[in-house]
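Residues or ranges marked as NADP(+) binding site by Swiss-Prot on the basis of sequence analysis: 165, 166, 167, 190, 231.
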């Protein structure tokens, strides 16, 4: 068996083409969607992510800007800027690129963003709404994964789903979305005993652990849908995911590649959330 590859890059482009008409309609009514990304420090990976987010917005006609601070900036300055952006009617989405320098209280910064402009879906109010099954904004990576399930005609109802990783950014919201979709969900972490026992029973396997090629083919149930959220850079400079693609490709029914899988969908759903925020503000 050779798995069907779920092409996240192609799906992302298809969705973005559809977004253009929504952006044009909003702009014509004086509600051009606007996203501001705040970057503290000069982490090379974060700079790439921020550039891709800003360029993604501009490519479909949205307004976007990057605000950069030196890593030594005090937290109060950033909080004051967030308060200013919260009050700006032309800005519909505010995103603070993580991680922040160690002297920052990450939770306090994320909570300072208005829940109505929290397009990352990290504000406690939005996390609670997601847990209740009535989300305002879905965190972008899990949102992208759900769109991939939708595109691949993956029926989640009654399926055994295993999520490896329990981060607030991916693992926890991913588990909630799967629960809300009717799956039976197990969340595994670094302390899980006999991980293979759980993964080998999974109809849906989501790997978000941050370890290169961590999930191997012998851990996968034949015919399973394998979603690789990881992005890891190897010593030779190449990118790979948390899944050993070659071995899992021969066992899985559907699988996402790295690169070209979940990654492009993450930024695409950030655009979706920002457009949705603008539509709500416009009463559409």
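Note that Cβ sites are derived from N, Cα and C of the backbone, with glycine treated the same way.
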Given the binding-site residues 167, 190, which one's Cβ is surrounded by the fewest other Cβ atoms within 10 Å? 190
List, in sequence order, the same-chain residues at least six positions removed whose CB sits under 8 Å from that of residue 231 (NADP(+) binding site)? 239, 241, 258, 259, 263
Chain-internal residues near residue 166 (NADP(+) binding site), provided their CB is under 8 angstroms and they sit 6+ positions away: 172, 175, 187, 189
Looking only at Cβ atoms, how many others are within 10 Å of the one on residue 165 (NADP(+) binding site)? 24
Recorded NADP(+) binding residues, 165, 166, 167, 190, 231 - maximal Cα separation rounded to whole Å: 18
